[in-house]
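Over in TrEMBL, the protein carries these features:
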- 12-31: transmembrane segment (TRANSMEM)
- 107-128: transmembrane segment (TRANSMEM)
- 134-151: transmembrane segment (TRANSMEM)
- 183-213: transmembrane segment (TRANSMEM)
- 234-255: transmembrane segment (TRANSMEM)
- 294-314: transmembrane segment (TRANSMEM)
- 321-341: transmembrane segment (TRANSMEM)
- 353-370: transmembrane segment (TRANSMEM)
- 382-402: transmembrane segment (TRANSMEM)
- 408-430: transmembrane segment (TRANSMEM)
- 437-455: transmembrane segment (TRANSMEM)
- 996-1018: transmembrane segment (TRANSMEM)
Amino acid sequence: MRKVYEKIPVWVVYSIAFVFVVVCSFGVLRLNGQTNIWSVDGIAQHYPILEEFYRILRGTAHQSLFGWSWNLGLGADQMTTFAYYVVGDPFSYLIALFPAGKIELGFQLLTILRLYFVGLAFLVFARQMHLKRSGSLISSLIYTFCSYSFYVSFHHPFFLLPMIFFPLLCVAIDKIYHGQSFLWLVAITAIALISNVYFAYLLGLGSLAFAIIRYIDLKRKGELVRSLPRSLGYFVATVVMALMIAAMVLLPNILSMLNSSRSGSSNFANGLKFYPPIYYMKLPNAILNSNGQMYYWVVMGTAGLSLIAMIWSLRHFKRYLMINITFLLIAVALLLPQFAAIMNVMSTPSNRWVMLTQLLFALVSGLFIDHLQELDLADFKWFVWGTVILLALVWLGNGFSFDLSTHHLIMYGIYLMTLVVVGYGILGGLKGARMKYALLAMVIVNTASAGISFYSTDYSPSANSELSRGVATHWTSAFYDYANRYLAKHDRSFYRTATTTDYYSMGSAGNNIPMLLNMHSISSYFSVQSGTVNKFNQTLRNSENTMNNPTRNVDNRTTMSSLLNVKYLFARADEVGQSKIPYGFKIVKSRRGKVLLFHNKLVYGLDNNSGTVIYRNPYALPLAYTQTAQLNNSAYHKLSAPNKEQALLDGALTSQKASGVKTVKAATTAKTVPYTVQMRSLPITTLGQAGVYRLTHNTTASLVRNPTFSNVMSPVKDAQYRDYAQLQHPSNSIVRLLEENRSIVAANNAKNQHGLKEMTSDDLGQNAYYTITLKNPSAYQNSELYIEFDGIKTRFPSTKTRLSYRARRAMLANVPFSKGQKLRYWRYYLNHGYFKSYAILVRTMNKRASVQQLGINNMSDYEKKGSALLNLGYSTKARTHIHLAFYRANQISFKHVRIIAVPFGQSYKQKTARLQKQSLGQLKVTNDQVTGTSNNRQASVLTTSIPYSKGWQLTVDGKPTATQKVNVGFVGAKIPAGNHQIRLTYQTPGLKVGRLVSAIGITAFLIGLLITLGLAVIRKQRK
């Protein structure tokens, strides 16, 4: 049997083991009727992108991969937008082989196929590192089925690509040091550059680190064949040639990223000098586990055998010097958010780079297996002490407790069993092949168990976030309850759409399903977004703006919607009259005058449980029109955001002054509304109120008196509740608490005397809520109302402060607060930190809005908010009160809080009607072209809502004409007086040059390959 096994190629044995682990892990999803499509980014980003890519490949999308698409938000380059996801992923092209109704299945199978190639790539690396058969097999399984691989398989499947490329890059680098051809490195580097610019950056740094470490290691061992100068020459040649080969895709992508919303906008390392304490406390447990709460993308969990191998390597420090130095450098790097930010393209402190460490973990595991026969009792003592230290750190990091999730305990159990097997082997119970087979079995159990921990609902609540089979396919057609089909049938003009803010409640910053339905939604959710569109939204202070989705639904603001050509708005059927509907939008009715209701299409776990109605905007501006006036730039930038928004109806804001076009100063439209503010939830300041609190929170006290808390309590009631709660002679602590609360109220009222300046909490940590009362509210009827927060500063309670709040509440309620309870609350508060995130909720007349500050643990869209402008909606009625509440922070202060009213009526109608008449005549919009005619008596400014890009080229009567930015973020130009033919044509910036450079690079590569093969033939003949 052993001889038969030895004859089977390692990759075949790996394949058999791979199938077993996949059946155990992914099979759990199948058993539960689920897919690996995540209910957040999976359905919002990855699946719609793959389906659209499928249509492009099959020719059913009527959209080229290289060109402009109007279905990517306001419009964007198809290739550079999709490049982060599918363009450079060779596996994604295989989706074209599946039937149209089996894209869901294709999504899952391609994920498994990528995972399979992760292991094959490592086997190539293992061979280059001269690992033996057993070491190669076991380490390939450890590398393939690490926690990172499982995590990204059902969150971000294309993140498996760097796990394939990195071992191959390291192999190619090692070949150069051993005197072999550098063309291997050229080919793999070019593929990595094409696959994803972000991954190329990460892999480039990882490869540089490997090249340095491997050179020193080979130099120490005397195994270096090529000298350093020659090797460096080959590395330089590799970079140049690979860049040339990849230029066709790489150059447009780099140009796009340099002009994207992320370029220069992120706060380096989220402003962190060190991570929050909870991060460091959870690091020890992350070595073997990663399926629980994840902090800063540390998905590091590996097999128990890897940990034993690491301890063994450290025990033989000099023998494996460079490996051990690398371990120490990794440990230090994990402590520093600055390092994570550098590895994450100088942005957020996301530790995605730990995927690269899995190669080292697997390598040292293979070396350990290959040297099993050398183990002795001293090694085992190190294993035991290393285990004791790890468990002690886990105990400390978990708040002096082993109260871990069930599966974490199972993983430690498997680790200890692996340690027992190793110990038994050292003591003579297992020798040679038998011990290797036993450890292979343990690794298979370990990896299968790790997969089950991610995919089984019995062990991981995150498994519930995977969509059931058929859901993704159904939702991509029923997203609008088929209301989109009505519009497609009844309106064949070019228009854009939006949804009300509360149409769907999702955990992501947007959704790309509208892209599949040809609805030209202004919202889009991609990693690479237009920087100029982002700037436009920031200039007008769109509260929904994020880097991944700059526009979203523009907070349903009236003028912004019209400026962006939003003709239709989808809304929930159950919130008609409650949602923020912009001015002038009329609900679409049937010919009989009844509201068109599109009944809810049931989509398990995703539909809005309501149905859909459509609103039509008669004031939507065309995609391209002319403005006969331009705004004075300096005057414009002094305006408030609401006035800037309205000013764009009076004239175009040009980046370069258009000669011959009159310049105007926009009039201010918005009005500042005077108001008063009152704290509505007064803290406990009297003994009667304290009595109500005690009777309510102390379950041993009598509740038959039905106590009711009131901010204003009569002396009789106050005395009555004081007596009920036995507070006739309160303790000094209670007296002190009431005095402090009275001081808080007095100080807060004084600060807010002339406008809202501070929102605070009481001495029990209970946040107050506030009511703003508008003066002369009838003067602001028929207006869109805004609340503007400027100079936002926050204060958050520390863990110590939160514990003191809990102690005071117990004291006031007259309930015990033991040291044991204090310890439990301490653990809870550590595990439920605020990470400097907060929310301000605003409500008025059924309209709700909020300021959401993402925490410093957010790795995608964190931006510190110093101000916010919230749209409270349009109303024909007078609004008297605005209610505010805040959460997580215990104090928020402001430089100013303004209420702003923007009136809408005849003036707005006249301005939009004028601009609609100035639309380009015979306007025609196709994928890469916009054409029309202009006919003005005077020079004008071509004004569009086409996101600005140098790829848009303008001709006027066939003559090339320079374009410029108008309205901050869009394509525009000066148009002479008279009748003219206007033609805007798009070509991906950098694509033409990139094609030429790629052709030269590929030619050079082929010539080099022919020379290499020729020399190999000559050498063979000489032998």
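Here, residue 1 is simply the first one shown, and the rest follow in order.
Cβ atoms are placed via backbone N, Cα and C, with glycine included.
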With the cut-off at Cβ under 8 Å and a gap of six or more residues from its ends, the chain residues touching the transmembrane segment (437-455) are 17, 20-22, 24-26, 28-29, 36, 134, 137-138, 141-142, 144-147, 150-151, 154, 289, 291, 301, 303-305, 369, 372, 407, 410-411, 414-415, 417-418, 421-422, 425, 430, 462-463, 466
Counting only residues at least 6 beyond its ends, the same-chain positions whose CB falls under 8 A of a CB in the transmembrane segment (382-402) are 280-285, 287, 307-308, 311-312, 314-315, 409, 412, 415-416, 419, 422-423, 823, 826-827, 830
Message = Test of understanding: applying the rule of at least three C-beta pairs under 8 Å (pairs 6 or more apart in sequence), is the transmembrane segment (183-213) touching the transmembrane segment (234-255)?
response = yes
Most Cβ pairs under 8 Å to the transmembrane segment (183-213), of 353-370, 408-430, 996-1018, goes to 996-1018
Top stretch by Cβ pairs under 8 Å to the transmembrane segment (408-430) (candidates 107-128, 134-151, 294-314, 321-341) is 294-314
Most Cβ pairs under 8 Å to the transmembrane segment (134-151), of 107-128, 294-314, 321-341, 353-370, 996-1018, goes to 353-370
If you count CB pairs under 8 A between the transmembrane segment (107-128) and each of 294-314, 353-370, 996-1018, the winner is 353-370
Counting only residues at least 6 beyond its ends, the same-chain positions whose CB falls under 8 A of a CB in the transmembrane segment (996-1018) are 181, 183, 186-187, 190, 241-248, 251
